[in-house]
Amino acid sequence: MIQAFLVALGGAIGSVLRYYVGQWALRLMGPAFPWGTLAVNVVGCFVIGVFAELIARRFNASMELRLLLITGFLGGFTTFSAFSLDAISLFERGEAVAGGIYIAASVGLSMAAVISGLAVMRALA
């Protein structure tokens, strides 16, 4: 039961933070492109690289901490399902180039962010 609570707690915090990042991006960049979703996915991928290195390898942290931070917090913060909907919406609006750029940027930058997060933490070892 405590494990489910930790996932829920982390998810709640991550979801609220995702909401605020989305609102910030909307105010800053406008509604024409899903900047908020792109930002949380890239940042979330970097953070999961950092957490994976710290929690799993460096500190051999408890399963509870992994559930709170990775499954809960990052599960609530990152938004792959929202990414998919945003991409389809761009295509449905006839913005195929923007849709393609969005998909390529999301996948490419997210993969680069995970690699960067791992590399940063490994360099600090």
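Numbering starts at 1 and runs along the chain as displayed.
Note: Cβ is positioned from N, Cα and C throughout, glycine not excepted.
Sequence annotations record features per position, and here Swiss-Prot assigns transmembrane segment to 1-21, 32-52, 68-88, 101-121 based on sequence analysis. Look at Swiss-Prot and you will find Gly75, Thr78 tagged as Na(+) binding site, backed by sequence analysis.
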Three-state secondary structure, which DSSP defines for Gly75 (Na(+) binding site): helix
Sequence-remote partners of the transmembrane segment (101-121) [C-beta within less than 8 Å, at least six residues beyond its ends]: 33-34, 37-38, 41-50, 52-54, 58, 83, 86-87, 90
Other CB atoms within 10 A, centred on Gly75 (Na(+) binding site): 19
Thr78 (Na(+) binding site), number of other Cβ atoms within 10 Å: 22
